[in-house]
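What TrEMBL records for this protein:
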- Gly165, Arg166, Gly167, Val233: NADP(+) binding site (BINDING)
- 6-120: domain 'Tetrahydrofolate dehydrogenase/cyclohydrolase catalytic' (DOMAIN)
- 139-282: domain 'Tetrahydrofolate dehydrogenase/cyclohydrolase NAD(P)-binding' (DOMAIN)
Amino acid sequence: MTAQILDGKATAAAIKSDLTARVAALKEKGVTPGLGTILVGDDPGSQKYVAGKHRDCAEVGIASIQRELPATATQEEIEAVVRELNEDPACTGYIVQLPLPKGIDENRILELMDPAKDADGLHPMNLGRLVLNEPAPLPCTPNGVLTLLRRYGVEIKGAEVVVVGRGVTIGRPMPLLLTRRSENATVTQCHTGTKDLSAHLKRADIIIAAAGSAHLIRAEDVKPGAAVLDVGVSRSAEGKIVGDVHPDVREVAGFISPNPGGVGPMTRAQLLVNVVEAAERSVG
Ligand SMILES: Nc1nc2c(c(=O)[nH]1)N[C@@H](CN(C=O)c1ccc(C(=O)N[C@@H](CCC(=O)O)C(=O)O)cc1)CN2
């Protein structure tokens, strides 16, 4: 068996095409949605992701607001830019690209954001709303994973899902989305303290690998027919992306998301969804 590809590029393109029409409708009502980004430092990966976000904006008609600070920026300097975007009426929503340089209090920066402008769904108020089952912008990568599973008809209801990783952008919020009544999955969260990862993986109908550990998920640990989503990013000596999932898993899994070309483009598409939804709320 060779796994069906969960094509994030194609799915993101379909989402962007729908958003293009919605942005055009907003513009007819006099509203141009605007996405702001705050990028601190010169990490090449972060620069690439932010550039991609603005390319996407141009594609669907969303205005771009870009703020860049050097790696030496102080907490106060970053906070000043957060306050500026909180007040900017042209900015419908914005993100602070993570991770921030060492020494910066990331949580304090996120807390300072206006939760109504939180395009990433990572403000503590919005994560709290998710816990409480209240409407909130959803974190982009977990929502991208869910959208991909739904588009390809992977059964989520009642599925045994293993999430590997506990980072703030995916590992922490992913189980919150999956265990909502609308999804009804059963979730096990694994991490570096998990004693027998292999035993958990072998039982999973869906594996979401977000550990950032190259080829951590091996074919012998995957149940035949399982859906495997590769969210991990490590780099080879040549600078190429190496995911968390070993290439041999394709021969065992029922569905697999490539990396690159799987969850990454979905993260970007869901960010645009959050901005357009915020703009639509503003016109009622
Ligand atoms: N504020 C945030 N910071 C970070 C987030 C986030 O959701 N919000 N997630 C990641 C990085 N990220 C978005 O910012 C992101 C990662 C990957 C991609 C992507 O399209 N990847 C491509 C490959 C790109 C390449 O060649 O390097 C793919 O998978 O096909 C987009 C966004 C951490 N920080």
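Using N, Cα and C of the backbone, Cβ positions are placed for all residues, glycine too.
Since this is a predicted model, take the numbers as computed values, not measurements.
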Three-state composition of the domain 'Tetrahydrofolate dehydrogenase/cyclohydrolase NAD(P)-binding' (139-282), taking helix and strand from DSSP: 52 helix, 26 strand, 66 coil
For the domain 'Tetrahydrofolate dehydrogenase/cyclohydrolase catalytic' (6-120), residues assigned helix / strand / coil by DSSP: 61 helix, 19 strand, 35 coil
Env. residues of NADP(+) site, Cβ within 8 Å of mean position of Gly165, Arg166, Gly167, Val233 Cβ: Val164, Thr169, Ile170, Gly171, Ala210, Ala211, Gly212, Val231, Gly232
Maximal Cα-Cα distance (Å) across residues annotated as binding NADP(+), namely Gly165, Arg166, Gly167, Val233: 14
Same-chain residues at least 6 apart in sequence whose Cβ lies under 8 Å from Gly167 (NADP(+) binding site): Ala210, Gly212
CB contacts for Arg166 (NADP(+) binding site) [other CB atoms within 10 A, all chains]: 17
Binding-site residues: Gly165, Val233 - member with fewest neighbouring CB atoms within 10 Å: Val233
